[in-house]
Amino acid sequence: MLLLEHESKALLEKYGIKTAKCIFCETEEQAVKAAKEIGFPVVMKVAGREIVHKSDVGGVILNVKSEDEVREVFQRLMSIPKAEGVNIQPQLEKGIEVIVGVAENEQFGSVAMFGLGGVFVEVLKDVSFRLLPLTRRDAEEMVREVKGYKLLEGYRRVKGDVGAVVDLLLKLNEVVERESIVEMDLNPVFVYERGAVVADARIVVGERKRFDYTIPDLRDLFYPKSVAVIGASRTVGKPGFNIVWNLKQNGFMGKIYPVNPNADKILELKCYPSILDIPDEVDMAIIAVPAKIVPEVMAECAQKGIKGAVIVSSGFSEEGEKGAEYERRVLEIAKKHGIRIFGPNTTGVLNTENGFITSFAIQPVIKKGNIGIIAQTGLFLGIMMDIVTSNHPSIGFSKIVGMGNKIDVEDYEVLDFLLKDEQTKVIGIYMEGIKNGRAFYDVASSAEKPIVVFKSGRTEYGQKAAMSHTASICGDDDVFDAVCRQANLVRVYSFDELFDVTKAFSLQPLPKGDRVAIIHYTGSGCVQGSDAAYFAGLKLAEFSKDTVDKISEVTPEWHNVNNPIDIWPMVEYYGAFKAYQTAIEAVMEDEGVDSVIACVWANRLINADFEPDYKSLKKYGKPIYFCVEGARDVVFDHKNALELNGIPVYTNVINAVNVLGKVTKYAKRRIQS
């Protein structure tokens, strides 16, 4: 229900939010009396529950100065269709205009918005968002994030009370929760040097979206002792063959039972006509049969007493209503018998600890490591593993989960499992959509491990017919971006960046600060690195005298030691090994340096492809990244050598700095929380 403005302001005042109080008038005489009581000049506004935006219908009249003018304006406002009365309030001294709002998001629930008013919010979309409830840090960050923050800080002798704005945002927690508010526009709010006043308020109360969820233990789904492959095949290349082959190739530690009524053996494993014919207990089923048969197969799985299933088959809801009906039937059986399901339409699960893999795409033996992946695509247990193993030799995985259509197991459940998994140090997520966003946020915001997220579909806003400014400005991607900031998730925008950043977290320690030393073999690279550091939120470290003295020992007299270090003259005079080793050790020892980026030219002819003393680098407890440039074959060999010894390698200095910037920002927020 839409509250009238005087009702909205009375509600806000109840929670200590200062407003320009208004008097609701239904007659001309009431309006005249109210104006005299308030004192001229006054503001007069049309009031009506079916009038969405007063200004759109000419329903706001400022600077009304006399009794006669009150009478004329009252008649004009009451002639507006759906008018129920007129609100009269004092004409406020103009301050810095801001907008504060709340809207309901389908995935995440109540979202708070802040921005500067006027052109800043309407045209420039200079706004920030956070999920409710807000912490003080959330509110402070919301205010600082907008480009117009400089106006509040102080500009041309005009200054706003930032503390009052933060306090107003924090009061939203209680008022929204207690009063069941689904939409709120406080627009404008005038911010003065001391205090802030809500000049106009629009509030809708109703039933807020609730998010009920539980987080069961998924361990049995990753550690089965026996698995039935239903739809196993003797034909190389068919999904049913590839699944069995992958299980054997990756050394699955449990028992494998191929199910095929027309085969005796597949890859030397005995076949069974159905899962019910297997004499032993079966923990998991991998189902690779046509979608229309899957409900029947699930019924047999339920009869067998399995704990979980991975449905790799496609042809479900992604193909239309008929497929959606198959999903409903499958889920009904699963719920009734307590079976958890990954998929359908997925490559499923990988656990490198026990060799459990459900992919229907032939896979290489996947390296064990500390990266966990949650993906709404089959790519990760498909072609992506070929790309990773050939281009990123350092990357190893603990668990990979392809979510598919997500009819049962959801992202937040897998995320919770990986956060508790001892083999997983960093989590990478690829998502296209999210069902229970609030559950995902709740789990993610409690994480003590870095979470790197690549979400596609950024331009598909999926807006409903928005009835408030806040709802219309609050696009899905804006909200998701706010979720990432609020939960300290590292957001990336491509698969390449996903691997670059997870690799950094996987291989190197977190920086203790934002001061970076950059070493490059060209002056141009030094300039590019400096610019990139600024935009990535990093500071170029100031070297101590001791550091400068050490580096000067391998520096020609005519060359200055600065940060970034242009190392090429040193290489020419003293050789690559001595120049790089001296410079790297010096900056790593410097207490004023938190991280190091070293760039080398890999060229066999001039032997500039420096390879460091790996053991000595680890003792400093600081991250060091390399970028390697040059001839492709030499770069590949040199990159492999570095990464297999725990040093991440990037294509150029800008790439390396951007990754370090994201890692540093994560580390800084983690320390502050």
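For all residues, glycine too, the Cβ spot is worked out from N, Cα and C.
Listed in Swiss-Prot for this protein:
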BINDING   Ala35, Lys36, Glu37, Ile38, Gly39, Phe40, Pro41, Val42, Val43, Met44, Lys45, Val46  ATP binding site
DOMAIN    9-45  domain 'ATP-grasp'
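When the binding-site residues Ala35, Val43 are scored by other C-beta atoms within 10 Å, Ala35 scores highest.
For Pro41 (ATP binding site), the same-chain residues lying six or more positions away in sequence with a CB closer than 8 A to its CB are Leu62, Asn63, Val64, Lys65, Gln91. Summarised as a single figure, the pLDDT of the domain 'ATP-grasp' (9-45) averages 96. Neighbour count (other Cβ atoms within 10 Å of the Cβ, all protein chains): 9 for Gly39 (ATP binding site).
In three-state terms derived from DSSP, Gly39 (ATP binding site) belongs to neither a helical nor a strand segment and is classed as coil. Taking the binding-site residues Glu37, Lys45 in turn, the residue surrounded by the fewest other Cβ atoms inside 10 Å of its Cβ turns out to be Glu37.
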